[in-house]
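Participant: Here you go, one structure.
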Amino acid sequence: IYASASKSRPGCLLSWIFCSALLPVNFKCDEALASPLAHTAFTSSSVFSSGYAPGYAKLNRRGGAGGWSPLDSDHYQWLQVDLGSRKQVSAIATQGRYSSSDWTTRYRLLYSDTGRNWKPYHQDGNIWAFSGNSNSESAVRHELQQGIVARFLRLVPLDWSEEGRIGLRIEVYGCSYWAGVINFDGQGVISYRFKVKKMKIIKDVIALRFKTSESEGVILHGEGQQGDYITLELSKAKLLLQINLGSNQYGSILGHTSVTTGSLLDDSHWHSVVIERYRRNVNFTLDRHTQHFRTNGEFDHLDLDYELSFGGMPYSGKPVGGGRKNFKGCMESINYNGDNITDLARRKKLDTSSFRNLSFSCVETHTFPVFFNATSFLQLPGRANHNTISVSFQFRTWNPDGLLLFSNLDDGTLEISLEESKVVVHINVTRTTSNNRVDLSSGSGLNDGQWHAIRLVAKENFAMLTIDGEEASAVRSTSPLTITTGGTYHLGGYFLQTLFPPSQRSFQGCMQAILVDDQPADMHAVEKGTVGAFENVSLDMCAIIDRCMPNHCEHGGRCKQTWDGFSCTCDGTGYTGATCHTSIYEPSCEAYKHLGRSSETYWIDPDGSGPLGPFKVNCNMTEDKVWTTVMNNLPPRTTVTGSSRERRTVLQVNYSASMDQVTAITTSAEKCEQQIAYSCRMSRLLNTPDGTPYTWWVGRGSEKHFYWGGSLPGIQKCACGIDRNCTDPKYDCNCDADNKQWREDSGLLVNKEHLPVSQVAVGDTNRPGSEAKLTVGPLRCQGDNNYWNAASFTTPSSYLHFATFQGETSADISFYFKTSAPYGVFLENLGNTDFIRLELKSPKVVSFSFDVGNGPVELTVHSDTPLNDDQWHRVMAERNVKEAVLQLDQTYRASQLAPAQGHTRLELFSQLYVGAAGGQRGFLGCIRALRMNGITLDLDERAKVTPGVKPGCQGHCTSFGMYCRNGGKCVEKYNGYLCDCTATAYDGPFCTRDVGGFFEAGTLVKYNFMPEAVAGASRDTKIVTHQLTPHEVNLTKEEVAFSFSTSSAPAILMYVSSKTQDYLAVVLRQNGSLQVRYNLGGLREAFAIDVDQRNLANGQPHSINMSRVDRSITIQLDHYPPVSYTLPDASDTQFNLVKTLFLGKVFETGHIDPVLIERYNTPGFVGCLSRVQFNGVAPLKSALRTAAQPEAALPVSYQGKLVESNCGASPLTIPPMSAATDPWRLDKTDAEFPFNEERVIPDGVNRDSAIIGGIIAVVIFTILCTLVFLIRYMFRHKGTYHTNEAKGSGESAGESADTAIIGTDNPETIDESKKEWFI
């Protein structure tokens, strides 16, 4: 078998217990094992009468009374089978008692090698309860997911027929099992010597099974002189594999790798281990649970010297072991790279000289564990009326609290409890003369699932508590104490009424090695009922389960457990939920934009609940695009020297995210780009037009690329070669001309499949005079295809199908839907009985239903408003081993806890259907951004080839239109929408950014309303400027809004003229107060409204909103309440023949109010105006935008210097560099998030140099400020224009004054102020 197996299945392991496929193909481990057995092989807890004996409990037999029934039908009954020798068991079947009302509906299966120390069968992380029969005849068979090897099987009925009693016939299926066993006594070690002294091993397969009651011990060890080693050992009853394929002497390569698996392995039951290694890849399997990992370091071979030792460290004379214990217990089926070690030892081919007595049968330990649940107790007798208490026992539990032992003394009580993971002893003695109380406390963290030993001795005036045999740390008391024992001890629970009850009532866990009054408790006598008493106790087994192994807490969540369950702590992981499955961050910048967020730095998690962790990126939301930027650590213009074709200098480009994380961005982006630039002097770049390139770059997937920025894949050219404008036409790159002057080749790399740049190899800077400088810009990607990936279902029978959904232990599904239909199935996936389904049940109800084998579960959420409103709604569903959750629109949430016992794995077989596969209750509408376990399904692509389903989805504005503010219009796009801000005074992705301008003295903006003013203008221009049509020229209502800031008065802010004498003006008077003047005819002089007496020329931003309807005028200044005014009855209400709007200054040929010109028009407005709007026209924004297209005949024009600035309602302040935009800094809110420090060294700048730089900057700034004030003082007598300019711009405009004047085209208008600004 071994030989043929290794040929036919080389990947398979070398002992058939680890690989059932080693058996012949037609062999099934499915023989009936119980039927052929003798009557005597069957035993039971009790028998109803002789015809009901356990020997009659064979499947389909009718002997005796037709099966086994016990005397009493209660939870203490069992039926046991002795298979004669250890067998491999694969299935079990049960039947009721023939032709009766007696059957078993639910039962447990225990197994053992010895008929002692039983182990319950586990499945799905629980002690499994099998479903039994519902009548007396039909047999119910269960395949065992985890095949077991055992000699004795015991069935424990949990529930039975309501009409009758417990009745049982059984069959056990499996096959024979044989394995060579070696007993290790804790002294002996087996040495497996290699054929050559030094072995260089590239591939290992090690397989063995072990059982032990010790929590520490070395199972195997090998080492080499170069520092390589492999060790498999038990540590705290967990299995620890340590492996090192080599470290180098400088310590830069550290090969040590250690991996832990399993727990509670000191349970005296068999556990199988397989270690498979190929180079650095290791599969580490314990009891069918496999961990995959790669060893650290860079070496592939395991270099071992002389030998591999099993059972302990080798006797080398060197103190290598570090005090490690040898293994004590049994091992079987030990295989190392095809050699059967147990067989070689039996044939004395191996060195076993260290054994005193080598035994090839397993020496069993004689412990008798007792298992308590929350309702159990064990009552044992002790000595009565004695003056000394002496008790000791071992316990293991996960709970921090519980009652271990309680005894009523003759005149008081004794209590030993677990409180907050410590052992606490209370002795109370009540006498007529005095009350004596002794309290002792010792230990910590004793609820770790390990065995802990307790010993308490109390006698006259003395008490001592010892934990785990450590006499040195024993706790003593010498308080006055007189004891008389009561003679009865309760362990694990006390439920009787008593005058002084214990602080705890019960205990969940196991105990063993119980000694009462220095006498071992006779547990066999207890089991027979001749000594003591017990209730709800499982004898001779410890059914402890480690619910944190394997760990169901994902993404690094920490698992904490009690006896009944576990919980996950997700702090600092970036994930949330019962098992830390769901990301708390959005998948992309696009998603943040549609939550209404603005440009900033955000954490994103592109694969949601997938394996990639969250990371920080810069999000730049422009009007119609969203750019995601990932920074790298290569300083701009990095100098490269001393490189040649033979020895290229390789520059690593590290990003603020891992390569997998960056790839997730580029994969889902619409397009990506990365600037790359090579500045050269006598340094050739690509060696064009042909030849091997001197320099190349490496992109995603470690591929080399021989094209440069501005070119395309496969074209070995630079941008100038594509545009045919290189300095030397013979070459396709500027640098390839090899000139002595500095040249540069730069451009954008745009093939997103190749990005990002991870390395650049430079190969021509080693000649005299050769020099090169390299710049690699940040990676910039636009859009997120996953977010807009949608499909429209147009018929009720249409659906899309995908591969089966894999979500065994945790599954999350999220998507957006939009429909006008009242119901429909969103998606479903079926198994044999398992299924998962999400549907719209009715216009207000969304349902999430599934079955993992415990029966169907349905969660529903009810919305207050109908969901078939053709708006986007978001659904998120999650199901894990702890709970199921359904969430709708971040508002409505339903959850349900998973059952404590039962199936936890979702096993699906059919395809996944999006839409209704059966045509029943099909979905009509759109589904978008469907993600399942972090993977986005490509609905768009699949819809292109599916009838009844269209790719994409229209109608985003119905849901997202509300984000377009200030009158912006929502415009539909195929993959999203954008806000059109043309007709508003605002800009930005959501029309929320003020558009303002800085006015110098004399600057004016003029906007013509009359149509003839734009004769010949293009159609587009009319759309852009929203011209008033002739019937709009006579106005009975106006809407005016703008913001301003200035430090000089008087000034005209806005003036609207007409072809008649009508006008509207908003002015600042000499004292800085605001006045609105209306002249609509019918009055001798204009109707003036003094809006506020305060001085508004104070350099601060102020906003004004004004509306007139006929005679009624409403004005709101800043955030004060609106005030209403009324035009006099004599006044006309029509603003006739509106002609022109002026901002900043009036320059009108027609009639104009002389008062305005004299008092307010000179020198003109100096300061900032922003978000200017008049009846749907944005004159200032139009004027600023004409600078881009001056040749068009537009209705708007300006004179003087006008510079765009957002000084208006939100004055600009520029912090040094905010935490939000600094990609390398973690702000305080994120401080606890684990950020990989090693990955990115930000430009090599450390915090100390940043602080020093900051101090120097502050000093220089202070000196400059002092100079400015000195110069201002020296030139203070220069003309008024100068001082007003400085005042208006310097105080109100923030940064814009500098830009306004430094960027000027006509320096003659700046007179003396040059000295001020050009220091």
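Using the three backbone atoms N, Cα and C, a Cβ is placed for every residue, glycine included.
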Participant: Which of these, Cys953, Cys957, shares a disulfide with Cys926 in TrEMBL?
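Facilitator: TrEMBL annotates a disulfide bond between Cys926 and Cys953.
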Participant: Note down the number of other Cβ atoms within 10 Å of the Cβ of Cys953 (disulfide bond), including every protein chain shown.
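Facilitator: Other Cβ atoms found within 10 Å: 25.
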Participant: Taking 10 A as the limit, how many CB atoms besides its own sit near the CB of Cys926 (disulfide bond)?
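Facilitator: For Cys926 (disulfide bond), the count of other Cβ atoms within 10 Å is 23.
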Participant: Take every residue in the domain 'Laminin G' (367-542), average their pLDDT values, and give the whole-number result.
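Facilitator: Mean pLDDT for the domain 'Laminin G' (367-542): 90.
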Participant: Sequence-remote contacts (6 or more beyond its ends) of the domain 'EGF-like' (954-992), Cβ cut-off under 8 Å?
Facilitator: 590, 593-594, 596, 598, 621-624, 626, 670, 783, 785, 787-788, 792, 818, 870-872, 926, 1023-1024, 1026, 1041-1042, 1170-1173, 1176, 1178, 1180-1181
